[in-house]
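S.K.: According to TrEMBL, the region 'Disordered' annotation covers 1-41. What TrEMBL lists as domain 'SAM-dependent MTase RsmB/NOP-type' is 201-488. Taken from TrEMBL, the feature S-adenosyl-L-methionine binding site covers Cys307, Ala308, Gly309, Pro310, Gly311, Gly312, Lys313, Glu332, Asp356, Asp373. The active site, nucleophile annotation in TrEMBL covers Cys426.
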Amino acid sequence: MSTAREPRGHGRKSRRGRPDQRHNAGPPRRRHGPARPPDVDPARQAAFELLTAVRERDAYANLALPAILRRYRLHDRDAALATELGYGTLRTQGLLDAIIEACTDRPMSHVEAPLLDALRLGAYQLLRTRIPPHAAVDTTVDLVRGRAGSRSAGFVNAILRRISQRDEAAWAAELAPPAEEDAVGHTAFRHAHPRWIAQAFLDALGPAGRAELDAALAADDARPVVHLLARPGEITAEELALACGGDPAPYSPYGVHLEPGTGEIGELDAVAEGLAIVQDEGSQLVALGLARAELDGPDEGRWLDLCAGPGGKAALLGGLVGLDGGTLDAVEQSEHRAQLVRRAVDGLPVTVHVADGRAAPLPDGAYDRVLVDAPCTGLGALRRRPEARWRRRPEDVPGLARLQRELLAAALRHVRPGGVVGYVTCSPHLSETVGVVTGALRRRDDVEQLDARDVLPGVPGLGPGPSVQLWPHRHGTDAMFLALLRRSR
Ligand SMILES: C[S@@+](CC[C@H](N)C(=O)[O-])C[C@H]1O[C@@H](n2cnc3c(N)ncnc32)[C@H](O)[C@@H]1O
């Protein structure tokens, strides 16, 4: 459960006394009466606006939120509350919808979208935060009354009151598929994941999967710790941890884990000065894995990143290759994202190319190390992309797998004999990981797969190899996948 509480002075109804003095226990009650002006704190309005942006504009929550927080002038606790409510509601959407559906007589398709957003926001507060139920209901009802009138407010009030009569575990016990009939569906429901994603995790976890699925989904459902990358040659992880009040990461020598509630990351001096960037430790490890892989022949310092946007791994690889006087070519198909790469690698020996990585105007057989951080479903980074788990569809996988195969084939063209390709996804889905690598190995008899566990010494639980799958519940990282393929000389 979240520790989200009321920000000081918000969510209170001073004209009617404090809500927690009006109702001591039991389901919250609403007074009926004429509509009155909205009396909703800006944090909830901001969270509601985030839900609207994601629904109407297909916005990415993490990209849309900063502008919304600025518009509502939210900082510190208020910004934290808006983030928690917005992200939490998006993350939990399918679970909330099942519970809302059980509490309404109307088919869900007949509930207007803004009302559904408000219901989700209210239900999230009731089920997954410590916000007092009356505050959760009253503020949501006020939000709806201010925007849609009293009838809609009454409808929302009635449903939220029903939801508030049980906690999340009790609703799950009633609504989840029975474990004995559908163990995967049951676990998926309890941790607010679509069933097909739970199944994909189970498939990738291998023989240990049954015992681990619960922990894997629970970790994926938790609010993630923010990780920083200490840019090589600029600042050490120890210095960065001291400067930011975090801890050096357990596995990446360049990583720092920030304390929860660190606040605006962009305002940390080290980040503002460009000494550090936000990057999951798993992303650091897979990029480092490629940098450490054993080549056949000397490393001349000619490296390539074939899918570089927005530039996190290009910043790490560019920093590393630059320490030894080498260079990195960074390819990105989208001009907008290429611009983000330019910003991320400013000052590094990196050349950014806007091109399709499958046909980039770069030499074949020329690079010592090539990274393919392929576009993927992102199922391994769902905890950092709140809306993604309900937006992604299983039908997305085959098209992405085709693109991934083509990008890997291009990488194997660009790498020199004796050089290494690192194939990376932030998805553990077997069709995007092992399936793509196995296909490439089948098609090429001049490529051998290296054991990627060898380049991550000290990292436990990497599985049977030769590829590596990281997991939030085992490593505290995103579920990154790494395979290392070396071209023979
Ligand atoms: C998983 S992201 C890469 C993340 C990046 N390596 C980082 O660490 O910041 C995949 C990127 O590939 C880009 N992309 C998609 N199709 C591509 C293609 N055909 N050629 C090159 N880049 C492509 C996407 O725009 C996206 O920026």
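Every residue number used here counts from 1 along the chain in the order it is shown.
Any Cβ shown, glycine's included, is placed from N, Cα and C.
Are these features on the surface or tucked inside, and what are their neighbours?
M.R.: Looking at the domain 'SAM-dependent MTase RsmB/NOP-type' (201-488) alone, the prediction's average pLDDT is 97.
Neighbour list (Cys307 (S-adenosyl-L-methionine binding site), Cβ cut-off 8 Å, at least 6 residues apart, same chain): Val331, Glu332, Gln333, Gly357, Leu371, Val372, Asp373, Ala374, Pro375, Leu407.
Counting every protein chain shown, the number of other Cβ atoms lying within 10 Å of the Cβ of Cys426 (active site, nucleophile) is 27. Annotation note: Cys426 (active site, nucleophile) sits in a coil segment as assigned by DSSP.
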S.K.: Going by DSSP, give the three-state secondary structure for Gly311 (S-adenosyl-L-methionine binding site).
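M.R.: In three-state terms, Gly311 (S-adenosyl-L-methionine binding site) counts as coil.
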S.K.: What's the CA-CA gap between Gly309 (S-adenosyl-L-methionine binding site) and Cys426 (active site, nucleophile) in angstrom, rounded?
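M.R.: Rounded to the nearest whole number, the Cα-Cα distance is 14 Å.
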S.K.: What's the CA-CA gap between Cys426 (active site, nucleophile) and Gly311 (S-adenosyl-L-methionine binding site) in angstrom, rounded?
M.R.: 15
S.K.: Sequence gap of 6 or more, Cβ distance under 8 Å: name the residues on the same chain that satisfy this around Asp356 (S-adenosyl-L-methionine binding site), in order along the sequence.
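M.R.: Set apart from Asp356 (S-adenosyl-L-methionine binding site) by at least 6 residues yet with Cβ under 8 Å, we have Gln333.
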S.K.: My understanding is the cutoff is Cβ-Cβ under 8 Å with a sequence separation of 6 or more in the same chain; which residues meet that for Lys313 (S-adenosyl-L-methionine binding site)?
M.R.: Gln279, Ser283, Val286, Ala287, Asp305, Leu371, Asp373, Val424
